[in-house]
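Peer 1: Per Swiss-Prot, the features are:
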ACT_SITE  CYS122  active site, nucleophile
BINDING   ASP3, ARG50, ASN286  NAD(+) binding site
BINDING   SER121, CYS122, THR123, THR152, THR181, GLY182, ARG204  D-glyceraldehyde 3-phosphate binding site
SITE      HIS149  site 'Activates thiol group during catalysis'
Amino acid sequence: VNDPFITTDYMTYMFKYDTVHGQWKHHEVKVKDSKTLLFGEKEVAVFGCRNPEEIPWAAAGAEYVVESTGVFTDKDKAAAHIKGGAKKVIISAPSKDAPMFVCGVNEKEYKSDIDIVSNASCTTNCPAPLAKVINDRFGIVEGLMTTVHAMTATQKTVDGPSSKDWRGGRAASFNIIPSSTGAAKAVGKVLPELNGKLTGMAFRVPTVDVSVVDLTVRLAKPATYEQIKAAIKEESEGNLKGILGYVDEDLVSTDFQGDSRSSIFDAKAGIALNDNFVKLVSWYDNEWGYSTRVVDLIRHMHSTK
């Protein structure tokens, strides 16, 4: 672990106690010394370097590094971890030039000679599997996506300056805040056949975790809502099990807290205007689900060695 801003005892505290996900109830987590954490009996080295090139990943035996600062998101900057001895870098955010992979959608296109990848965003991971099913079965002519997104750390607790996004500077816990998102367009990067066919926006809302996507699309091949539901249910129990979920109960956002799936289709929430125009609703735990996909992508990358 590398973090130049916090100490090992504070790392332990933050890991053990989480406002959203509760207390850590599994193996003991404690501090061995200022440069080592203990997860059960396993030692984890801790560094405090500001420059990724200076982190001794090789000495620690770290082959796969998750770049989750939000700062080093392009290939050149993320490559600094390679200079520090890492073999592969997984960027936990969209990247303008690193190849983007979404588990269940295009991860099989990964080749072992690719050293720096992006796991896309939590929001892209939600509509992408859903859009893949719909496009494969019925074809998507065009579509609009809206994510109703829980608060994140980039927002303000009270009104504050935000010169690039004036609305984004308003108090997160007291407002519904319209915002931009590249998540829908990014679906076109992992599903090239949808490139240019999807775009979208976001509403930031005063909840702390779990978000929901509204994907409204025009279909190439007519289909009833029942046929669409059946196709999604079939894939959720087959090829996309563990990635795409299906629920037909009257659930709300907190019911999906801690759900490790990327996208949980809500059969009762969607509607169809006609057999060519449909609104699909899918939930995601933007923290837990996305973190699980990062691990899944690393596992897949390792399996290609």
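A Cβ is built for glycine as well, from the same backbone N, Cα and C atoms used for every other residue.
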Peer 1: For ARG204 (D-glyceraldehyde 3-phosphate binding site), just give me the three-state DSSP call.
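Peer 2: For ARG204 (D-glyceraldehyde 3-phosphate binding site) - judged by DSSP and reduced to three states - the answer is strand.
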Peer 1: Which residue among the binding-site residues THR123, THR152, THR181, ASN286 has the fewest other Cβ atoms within 10 Å of its Cβ, if you could check?
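Peer 2: Across THR123, THR152, THR181, ASN286, these binding-site residues, the one with fewest Cβ atoms within 10 Å is THR152.
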Peer 1: In the structure shown, which of the recorded positions ARG50, HIS149, ARG204 has the fewest Cβ neighbours within 10 Å?
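Peer 2: It is ARG50 that, of the recorded positions ARG50, HIS149, ARG204, has the fewest other Cβ atoms within 10 Å.
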Peer 1: For HIS149 (site 'Activates thiol group during catalysis') and ASN286 (NAD(+) binding site), what Cα-Cα distance in Å is obtained after rounding to a whole number?
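Peer 2: On Cα coordinates alone, these residues lie 8 Å apart.
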Peer 1: What is the separation, in Å, between the Cα atoms of THR123 (D-glyceraldehyde 3-phosphate binding site) and ASP3 (NAD(+) binding site)?
Peer 2: 26
Peer 1: Out of ASP3, THR152, GLY182, ARG204, ASN286, point to the one nearest CYS122 (active site, nucleophile) in space (Cα versus Cα); all of them are binding-site residues in the record.
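Peer 2: Going through ASP3, THR152, GLY182, ARG204, ASN286 one by one, the closest to CYS122 (active site, nucleophile) is ASN286.
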Peer 1: Reported as an integer number of Å, what is the Cα distance between THR152 (D-glyceraldehyde 3-phosphate binding site) and ARG50 (NAD(+) binding site)?
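Peer 2: Rounded to a whole number, the Cα-Cα distance is 23 Å.
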Peer 1: Using C-alpha positions only, work out which of the binding-site residues ASP3, ARG50, ASN286 is nearest to GLY182 (D-glyceraldehyde 3-phosphate binding site).
Peer 2: ASN286
Peer 1: Give me the sequence-ordered set of same-chain residues, not including SER121, CYS122, THR123, THR152, THR181, GLY182, ARG204, with a C-beta within 8 angstroms of the centroid of the D-glyceraldehyde 3-phosphate site's C-beta atoms.
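Peer 2: These residues sit around the D-glyceraldehyde 3-phosphate site: THR124, THR147, HIS149, ALA183, ALA202, SER211, ASN286.
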Peer 1: Return the residue, from the listed recorded positions ASP3, CYS122, GLY182, with the maximum count of other C-beta atoms within 10 angstroms of its C-beta.
Peer 2: CYS122
